[in-house]
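Listed in Swiss-Prot for this protein:
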type: BINDING; residues: 38-41, 60-61, 93-100, Asn118, Ala151; note: NADP(+) binding site
type: BINDING; residues: Trp152, Asp160, Gln281, Arg302, Ser378, Gln395; note: FAD binding site
type: BINDING; residues: Tyr229, Tyr319; note: Fe(3+) binding site
type: BINDING; residues: His316, His409; note: heme b binding site
type: DOMAIN; residues: 259-407; note: domain 'Ferric oxidoreductase'
type: MOD_RES; residues: Ser483; note: phosphoserine
type: TRANSMEM; residues: 208-228; note: transmembrane segment
type: TRANSMEM; residues: 259-279; note: transmembrane segment
type: TRANSMEM; residues: 305-325; note: transmembrane segment
type: TRANSMEM; residues: 359-379; note: transmembrane segment
type: TRANSMEM; residues: 393-413; note: transmembrane segment
type: TRANSMEM; residues: 432-452; note: transmembrane segment
Amino acid sequence: MESISMMGSPKSLSETFLPNGINGIKDARKVTVGVIGSGDFAKSLTIRLIRCGYHVVIGSRNPKFASEFFPHVVDVTHHEDALTKTNIIFVAIHREHYTSLWDLRHLLVGKILIDVSNNMRINQYPESNAEYLASLFPDSLIVKGFNVVSAWALQLGPKDASRQVYICSNNIQARQQVIELARQLNFIPIDLGSLSSAREIENLPLRLFTLWRGPVVVAISLATFFFLYSFVRDVIHPYARNQQSDFYKIPIEIVNKTLPIVAITLLSLVYLAGLLAAAYQLYYGTKYRRFPPWLETWLQCRKQLGLLSFFFAMVHVAYSLCLPMRRSERYLFLNMAYQQVHANIENSWNEEEVWRIEMYISFGIMSLGLLSLLAVTSIPSVSNALNWREFSFIQSTLGYVALLISTFHVLIYGWKRAFEEEYYRFYTPPNFVLALVLPSIVILGKIILFLPCISRKLKRIKKGWEKSQFLEEGMGGTIPHVSPERVTVM
């Protein structure tokens, strides 16, 4: 695979791959690139190549019919003719059609074949499409790449995340050629090494929110539980005790009581994972021991949990702003005014309630502002503009501040009602009491980690210090035998 002398007299790689003795592909206007196939991806790829100054030759089973869908400057011909005109060929056909090129394998000797195909599902075949293509044409230089880019992105030009293309090949020089070609097409190539990485590259476009599944399930489960909890307390209890029908509260009021609890619980889960990781390292006295799989997965999903927390907080704000618009709220307001007049009360001002509501709303706005900052800095383009210290300060320090202010928001909302018997319906605590449990645990755990006796030990562990007991029993050696390459930084 590494040799290209089979094309005739020994030549350098650039002389063999490119026509007319061109060195490299820096002058794209003199390079001919072949595309096997005439589908949507082949059409978009051809347009992209032409815009970047390449000459394109299309190999098709029916060139007369296919030529109607390509620009007139494109040479549309049969497979055999196309393969003889270029040394860099995009194989833009499905896996089941690879064998159609079998009779032309003598024309593919020493040429670069770029496999851009994808499968219908993850791990559909025992080997990747690129490895299968390499087994069919062992004398060709197979490169996997451009399969993560859609035809739409190719035609309109790469933008943002669609600029990245993953490339792998067993031939280093062929891989470098395709990497340079990707740069000429204004993509950002990412070298993933040998062709064994092709299976992972082919699975990338087929994954559907892999890291989001767990957090979404957790969020839905929490929302369902707290919704039913509020429904039983605020709707079923009045009906069972006083035959009072409060079912009208379900669409807005019950939902709005559920949203903030889920939001603050998800935010607590974001930072609880880090506390458990720190406790794990303190317990074993080392940072070289891998976390349990469940904790490792939890740590990887913190961004998704935080964004879901921000989503529930934003929806909570929208619902809260709509509360005064409800017809039921207007009726309640009129009833209160009538009762006040009937009781001959001239002034219903309550200083304590005024201060409570003012502080409650103020803390809510501050927590939402900090959550917005956390959400914005999680955007890749924004986080890439920050150095590590800036990013960790926002996501860690300000994140804990946001959690603390959110906890104050809930505390002031509950005020003294946690100690009043009438709010314990069916002998269950109020919603805000449940909402405070997990944030309080996280804040208390963070305070414990700030203690000098613990923080100093944790810093030593992060710098590589280990307990001798772990080295003797777990590692079976001394510190010089520990390889830094084995460390997994979460």
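All residue numbers here begin at 1 and follow the chain in the order shown.
Keep in mind that glycine also has a Cβ here, set from the backbone N, Cα and C atoms.
Here the features listed in Swiss-Prot are placed on the structure.
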residue: Ser38; record: NADP(+) binding site; DSSP class: coil
residue: Ser60; record: NADP(+) binding site; DSSP class: coil
residue: His97; record: NADP(+) binding site; DSSP class: helix
residue: Asn118; record: NADP(+) binding site; DSSP class: coil
residue: Tyr229; record: Fe(3+) binding site; DSSP class: helix
residue: Gln281; record: FAD binding site; DSSP class: helix
residue: His316; record: heme b binding site; DSSP class: helix
residue: Ser378; record: FAD binding site; DSSP class: coil
Could you check which of the binding-site residues Ser38, Ile93, Tyr319 is the closest Cα neighbour of Ser378 (FAD binding site)?
Tyr319
Checking your reading of the structure: which of the binding-site residues Asp40, Ile93, Tyr319 lie inside a 10 Å Cα sphere centred on Trp152 (FAD binding site)?
Asp40
Helix, strand and coil counts within the domain 'Ferric oxidoreductase' (259-407) (DSSP):
125 helix, 0 strand, 24 coil
Please work out which recorded stretch in 208-228, 259-279, 305-325, 359-379, 393-413 has the most C-beta pairs separated by under 8 angstroms from the transmembrane segment (432-452)?
259-279
For the transmembrane segment (393-413): best-contacting stretch of 208-228, 259-279, 305-325, by Cβ pairs under 8 Å:
259-279
Counting Cβ neighbours within 10 Å across all chains shown, tell me which of the binding-site residues Trp152, Tyr319 comes out on top.
Tyr319
Averaged over the domain 'Ferric oxidoreductase' (259-407), what pLDDT does the predicted model reach?
93
Name the one residue among Ile93, Asn118, Tyr229 whose Cα is closest in three-dimensional space to that of Gln281 (FAD binding site); these are the binding-site residues.
Tyr229
In the same chain, which residue numbers or ranges, 6 or more beyond the ends of the transmembrane segment (259-279), come under 8 angstroms Cβ to Cβ?
215, 218-219, 222-223, 226, 291, 295, 298-299, 302, 305-306, 308-310, 312-313, 315-316, 319, 371, 396, 399-400, 402-403, 406-407, 410, 431-432, 434-435, 438-439, 441-442, 445-446, 449, 458, 490
Can you figure out which of Tyr229, Arg302, Tyr319, Gln395 (the binding-site residues) comes closest in space to Arg95 (NADP(+) binding site), comparing Cα atoms?
Arg302
By Cβ distance under 8 Å, which residues at least 6 away from the ends of the transmembrane segment (305-325) in the same chain are close to it?
215-216, 218-219, 223, 252-253, 255-256, 259-260, 262-264, 266-267, 269-270, 364, 367-368, 371-372, 374-375, 378, 399
